[in-house]
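This report concerns only the one structure given below.
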Amino acid sequence: MKSVTTKLLVIGGGPGGYVAAIRAGQLGIPTMLVEGERLGGTCLNIGCIPSKALIHAAEEYDKVCHYADGSPLGISVDKARIDLERTVQWKDGIVKRLTGGVGALLKKNGVQVLSGWARIVDGKTVEVQEAGAGEVTRISCEHLLLATGSQAVELPFMEFGGAVMSATEALSPATLPKRLVVVGAGYIGLELGIAYRKLGAEVAVVEAMDRILPAYDDELAKPVASSLKRLGVQTHLGCSVLGMNEAGDAVRVRDAAGNESELAADRVLVAVGRRPRTEGWGLESLLLDMNGRAVKINDQCQTSMRGVWAIGDITGEPMLAHRAMAQGEMVADIIGGKRRHFTPVAIPAVCFTDPEIVVVGLTPQEAKQAGIDCITANFPFAANGRAMTIEGTDGFVRVVARGDNHLIVGWQAVGRGVSELSTAFSHSIELGARLEDVAGTIHAHPTLGEAVQEAALRALGHALHI
Ligand code: FAD
Ligand code: NAD
């Protein structure tokens, strides 16, 4: 067995782990990173990036299909065709470029990357069975950073395999299923369900709650529900899945009234959440304080054991790549001697459905629950010139601000392309902007961003274009 020593050892090369390692390298901290599968983690390999690539390809194809039916824009095409193998290759090319870039950045910053699965010996010692060579390396470290991410929740009566897929398999289809049943109308179920529908599959979504996207309020989810209807995605709300039928060609479903039925399916995507990856690599032996299934951390990402840190999905919700990255950067800074705390005013969340949803900060309901007397105002994209020119008039921007001093505490938006507004939303909240600041800023015309200014103006009682 080979023995090595380092100051910082990072387990997991996803957005949390690799960002922490890059920043540590920049700060001159001797750093090693262990990754069992592929650098880039869930996000770059089987999550954020490939899903957004597939969603984009599906949108483009859907657009061309519509042009084949004639279009008010005067565009027509004879017949739309898609070569799914090439689509998947194109998506894989983007993943390869990005993950290769991560490897290059780690190298450039002097981080030593070990390819293999880490097993915890104690809070300062880890063993790694190196891929290929099979040699075991024992690493002693001063600081241990846990960044092992999360994995898809499996339904015990519908395990992954065969026709039943997780998002990972759904992101690399060899062929398009004729009929896809999606279990779970959350982020993954709807992002990928809509993409499959646009690629040409018949899609049915089964959701246990009585509405789609239960994490968002009704007003925000409504334009997505209308879009599902328009696209022909069937929704079965308030239903529980019971498993596959005996022939394996349909999903058995029970509705709220107890009636059972079957939904024909060539493939089934189960997207009922993700859980922190805390088992199978010796973590239990550290007896860390837990927060349910997640590792409990304080506002510096310290666990209950001195010198052991945790970031990203292993620490629970919100399981988002940008949160993992921000935590990783901060931990490296702290180890490098800086005084930092993870206390963002807001962490943006974007759902890449059609239309997209953005939530930053407090919703009106959350503000009310927090005892804040607030003003809220919506500005509809139907009154925004740019939205008309991109055929995206469905949706709105909503602002939530304190009634007393007009401090903005939340933004929400739903509409085509609104993911890009998340930057402006986050800036205004983190910088402590008031309604007057946004209302008094000149926003370029014609842009969707004008709806942001108009929402602030409307909250102040003097919107111009409505
Ligand atoms: P991960 O990215 O999961 O990385 C953990 C790494 O640790 C993995 O590479 C794993 O192989 C490695 N590892 C685990 N155990 C060990 C061990 N014992 N030894 C060595 N290595 C180990 N988030 C967004 O913000 N925006 C999105 O649009 C978005 N889309 C998504 C779409 C899908 C389909 C999915 C599944 C997720 C999506 N997410 C999105 C969530 C995002 O991918 C995660 O929040 C993010 O990847 C978490 O980063 P992480 O570093 O904590 O963990
Ligand atoms: P999710 O929590 O977003 O949605 C799961 C859905 O499944 C919920 O609506 C839930 O009510 C439903 N559900 C649970 N059990 C069920 C059952 N037995 N039958 C029917 N419905 C059931 O989870 P997800 O879509 O799997 O995504 C996992 C995580 O990945 C997200 O929470 C998010 O953190 C991350 N993610 C983020 C993005 C993004 O940022 N755009 C995209 C994809 C994934």
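Just so it is clear, glycine is given a Cβ too, placed from its N, Cα and C backbone atoms.
All TrEMBL annotations are machine predictions without curation.
Among the candidates Gly116, Gly123, Gly273, the residue that TrEMBL annotates alongside Gly184, Ala185, Gly186, Tyr187, Ile188, Gly189, Leu190, Glu191, Glu207 as binding NAD(+) is Gly273. Apart from the site residues Gly184, Ala185, Gly186, Tyr187, Ile188, Gly189, Leu190, Glu191, Glu207, Gly273, the chain places the Cβ of Val182, Gly193, Val205, Leu213, Ala271, Val272 no farther than 8 Å from the centroid of the site's Cβ atoms, the recorded NAD(+) location. Note: the CA-CA distance between Gly149 (FAD binding site) and Cys43 (disulfide bond) rounds to 10 Å.
Sorting the domain 'Pyridine nucleotide-disulphide oxidoreductase dimerisation' (347-456) by DSSP state (H, G, I as helix; E, B as strand; all else coil) yields 39 helix, 33 strand, 38 coil.
Across the structure, Glu207 (NAD(+) binding site) and Leu320 (FAD binding site) place their CA atoms 22 angstrom apart. When the record's FAD-binding residues Lys52, Thr148, Gly149, Ser150, Asp313, Met319, Leu320, Ala321, His322 are compared pairwise by CA position, the greatest distance found is 22 Å. Around Cys43 (disulfide bond), a 10 Å sphere centred on its CB holds 24 further CB atoms from the protein chains shown. DSSP assigns Glu207 (NAD(+) binding site) to a strand segment in the three-state reduction. Looking at Glu207, Asp313, the binding-site residues in this record, the fewest other C-beta atoms within 10 angstroms of the C-beta turn up around Glu207.
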